[in-house]
Every structure is written in structure tokens, then in C-alpha cells.
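**Q** Below are the features listed in TrEMBL for this protein:
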DOMAIN    111-419  domain 'Phosphofructokinase'
BINDING   Gly119, Arg182, Gly183  ATP binding site
BINDING   Asp208  Mg(2+) binding site
SITE      Gly209  site 'Important for substrate specificity'
BINDING   Thr236, Val237, Asp238, Met281, Gly282, Arg283, Glu337, Tyr395, Met396, Ile397, Arg398  substrate binding site
ACT_SITE  Asp238  active site, proton acceptor
Amino acid sequence: MAVSYTEANNLTTAPIPCSPNQNCNSTATAALSISAVQLPHLTDYLHDLQTRTNPLEHNPFYRPSDGFYITDSDVVLCHVVHDLSSPSHSAAYHRAGPRNRVFLDQPSRTRAAIVTCGGLCPGLNTVIRELVVGLWDLYGVRQIFGVKAGYRGFYSSEPVELNPKLVHNWHQKGGTALETSRGGFDLQKIVDGIQDHGFNQVYIIGGDGAMGGAVKIFDEIRRRRLNISVTGIPKTVDNDVGIIDRSFGFQTAVERAQEAISAAYVEAESAVNGIGIVKLMGRSTGHIALHATLSSREVDCCLIPEIDFYLEGKGGLFEFLEQQVKENGHAVLVVAEGAGQDLIPRKDAQMSEKDESGNPVLLDVGSWLKSELKKWWARDHPDELFTVKYIDPTYMIRAVPANATDNLYCTLLAHSAIHGVMAGYTGFVSGRVNGNYAYIPLEEVAQAKSEVNINDHKWAWVRSVTNQPDFVRNHTLNHADIP
């Protein structure tokens, strides 16, 4: 059976009411049908597990009342925008939150493991802290361990025991106190390590690669029929994980990117014929560059991996920047790290080069653009002054602590994950979907990608703010002019 599938029965099928401006006497009745995406559960393969009353019932800080506990029929719609004129359907995810019955064994027998994988991201330490504090204070778990150095830590080193006092101020620090690494994924060794250490809850914090690894770990644990819950908390500063509204750390990254853009603007404005280049994170998607551009309003051109651009010719980047410099005396260019990779010359050895996570190694598009801009200006304007300043704030942004908004988001993600594991769910991810917190099958999240839709209003807004050319359209028109 697949990790996720939609149940055959509809949870809800109801007529959609007419608006005041519609003809409500119409014979056509629009209906919305909702089917819940089934979430993996320990009882799918362990049929004799017993439940007990949620410890929150006796927690002095909580007063459970009607609606406090989430039921199996509480769902979050995947799609909230529908056409009233015709019947429509939406899948739905189970809503995150505490259940009144939990599959928690005696807290003294619960051993939880927390691991961070991949690159750094603002908020990592906050998630770790809130997992520790939540397990300790909400459910009375006392055996909580941090796995060091990513996935390889399950089999290469001893875990570190964690408690609320130890992690008290971790949210104020950037990076991850557990250390992290890329690669090191050896499935059998990892699951053997989980078994050997007696872990029965595993919390995996990482990006799309780590989520893919979590799927394999969950599948192997299920194959071995182990009473171990696996959950993922997606981490990617690029915001390229699909389904969820956004990844933690993203808003902090956009906020800090403003500082780099402001610096590039000052440098460019203070020079004669000055151009400032800022390279931001975004291997395969340009969410940070897009949001930073919209937030700044000091950017003249935004280049992202989702669009192809060209340098020379009518409608090209050089022509546009020349116009901006002539009119304003300066220009600011923001480029995502994955943009323009097809334009940069590569040596044979670089064609197939990959990093430890298996991703193609990106060339430095910022340095390349700086070099090309200087050559272009020297060729076309040999007697005029020209300055290009290139700023790469990548590691400065990744390493900062989360801002207030992301800190709160990290807390809610961590607590949602804990509640889901205590309810017996496994092989799932906690995330915000359309403003509500939900549980999503790991496999779906590992396969989904969030890319900038260059055909929607947000990218049109970017172009209206920057006045940059439509490289795709211009390139097509230029080729059409060739006899």
C-alpha cells in the first residue's frame, strides 16, 4: 500500500450557497466534495497498541474544553479557492493538534531522538528547543536525545541527552547546536542505530533531501514492524518545499536580504555609473529573491531560476541596465544563485560535479555577471567610468537566529509534530496549509516542489515594480524577426 492515498468516501458534500449577486433560482447546484488524505498510523501494522488519556488533561497549564482536542474528522483543505459555478473537489489533510487519546506508553519508556540535516537555516535551534520543552512539559518525556552531525550521527556517534535547562536560550542563537552535515545516509545503519538506542520517536529536521531520507527510514521501520514514529519538520531557507505555505526561516531570510540590497543600493548610487549585484539563496526557485525585491523597492531587475534571460541584443539584460544607468545613474540587480546556470561556461570536470547531497554544484552567477558587465561596459563605453559592486550575503543570512515571526512558527511546528506522534501517527510532516496547521504524508512532501509561478500576479507585480523586460517574450520576438 502506498504511503498516502485519498479515502474513497467523501467527508463532506454540500451545496455552495448563492451570493447576493447570483441568480439563486438557477437549477444548477454547485457542490464541494472533500476527501481526506489518509495518514500513516502505527496501528496500520501494529494492531494491539493501547491508548490512554492525553496527559494534557491533567496538565496545570491547560484547561481542555469543547473543541480543544482535534478529532479524526477535523481537516484542512488543500485548496480553498473554488469556482461556485460548477461542482468541485478538494483533498484535505488531517488537522494538527492534540488528540484526547494518545498512544504514548509510560513517559519513562519513551525515548525521543532529534536530528538536524543539511544546510543551516534560521530557526533550527528554536525547533530543537521547542521539541525538547514540548516533550518535557506537555507529555512528561524525560529521555530526549540530540543526534549530532545529521543522519550519520545515528551510527557514528553517541547521542547527546537534552533537557529544558540545557536548551533554554538556544532560540537566541543561529545555526544548530546539534551540528549538521550533508550525506552520510546509510539506511540500514541508521535504522539499526535507532533500534540500538531504543528510540521510539524520531524527529527529523531537514530539507527536501532529508525528507526523502525520512521516507526511506519510515518505510524500513514499517517493514521491520517497529513501534517507532517518524516525523519530519521541513527546513529550507529557499522555501522550495511544496504543499506547505512556507518553510521556517524564510521570513527571516527575506528580512536579512533587505540589508544586503540596501548596501548594494548605497554603493551603486554613490558611484558614477554604478551597478550593485546581490546574490541570494535559491538553488531551484527564486522565492527569496522575489519577496526581497518586492519588499525593498530598490531593485531594478530580479533574476530567478524559473526564467531564462540573455545578456546581449534587444530586450536583453545589458540593454535594460544601460537604460537604467543612463536615466538614474545607477542600477541594482538581485539574482538567485540558481539563475543563469546554463549561460555560465563550464569546464568538463564541472559538468557532472555534485555536492554531498547529490545536487549539481552551482557556479557563482554573481561573479560571472560582474565579470560580464565589466567586459560589456569596457567594450561599449570605453571612455566612461563604471563600477560594479557584488554582495553575497548567503552565509550571513543562513547563520542568523530566527526573527520573532519565525520563532513563533517554529514553536507551533514543533508542538504540532509532538501532538501527531503522541496520537500514533508516523511518516508525516507538520506544516501550515492555507493558514492552518496540518499533518501531511512524508512521501507527498518529499516529492512536492514549490516554484515561482511566473504566470501569476506575484511575478507580474515584480515586473511592474522593477520595469524589467520580459526576457522570454523578447527572446521569442527577436527570433521571429530572423529571416
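Cβ from N, Cα, C; glycine included.
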**Q** Other Cβ atoms within 10 Å is the metric here; tell me which of the recorded positions Gly119, Gly183, Gly209, Gly282 scores highest.
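**A** Most Cβ neighbours within 10 Å: Gly282.
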**Q** How many neighbouring Cβ atoms, not counting its own, are there within 10 Å of the Cβ of Glu337 (substrate binding site)?
**A** 24
**Q** Out of Gly119, Arg182, Gly209, point to the one nearest Arg398 (substrate binding site) in space (Cα versus Cα); all of them are recorded positions in the record.
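**A** Smallest Cα separation from Arg398 (substrate binding site) among Gly119, Arg182, Gly209: Gly119.
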**Q** Of the recorded positions listed here (Asp208, Gly209, Thr236, Gly282, Glu337), which is spatially closest to Gly119 (ATP binding site) when Cα positions are compared?
**A** Thr236
**Q** How many whole Å apart are the CA atoms of Thr236 (substrate binding site) and the residue listed as 'Mg(2+) binding site'?
**A** 8
**Q** Report, in whole Å, the straight Cα-to-Cα distance of the residue listed as 'Mg(2+) binding site' from Arg182 (ATP binding site).
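**A** It is 12 Å, counting Cα to Cα.
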**Q** Which value in Å gives the longest Cα to Cα span across the substrate site residues Thr236, Val237, Asp238, Met281, Gly282, Arg283, Glu337, Tyr395, Met396, Ile397, Arg398 as recorded?
**A** 17
**Q** Restricting attention to the domain 'Phosphofructokinase' (111-419), give the mean pLDDT.
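**A** Computed over the domain 'Phosphofructokinase' (111-419), the mean pLDDT is 95 on the 0 to 100 scale.
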**Q** Near the residue listed as 'Mg(2+) binding site', how many other Cβ atoms are within 10 Å of its Cβ?
**A** 24
**Q** How big is the Cα-to-Cα gap, in Å, between Asp208 (Mg(2+) binding site) and Glu337 (substrate binding site)?
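**A** Glu337 (substrate binding site) has its Cα 18 Å from the Cα of Asp208 (Mg(2+) binding site).
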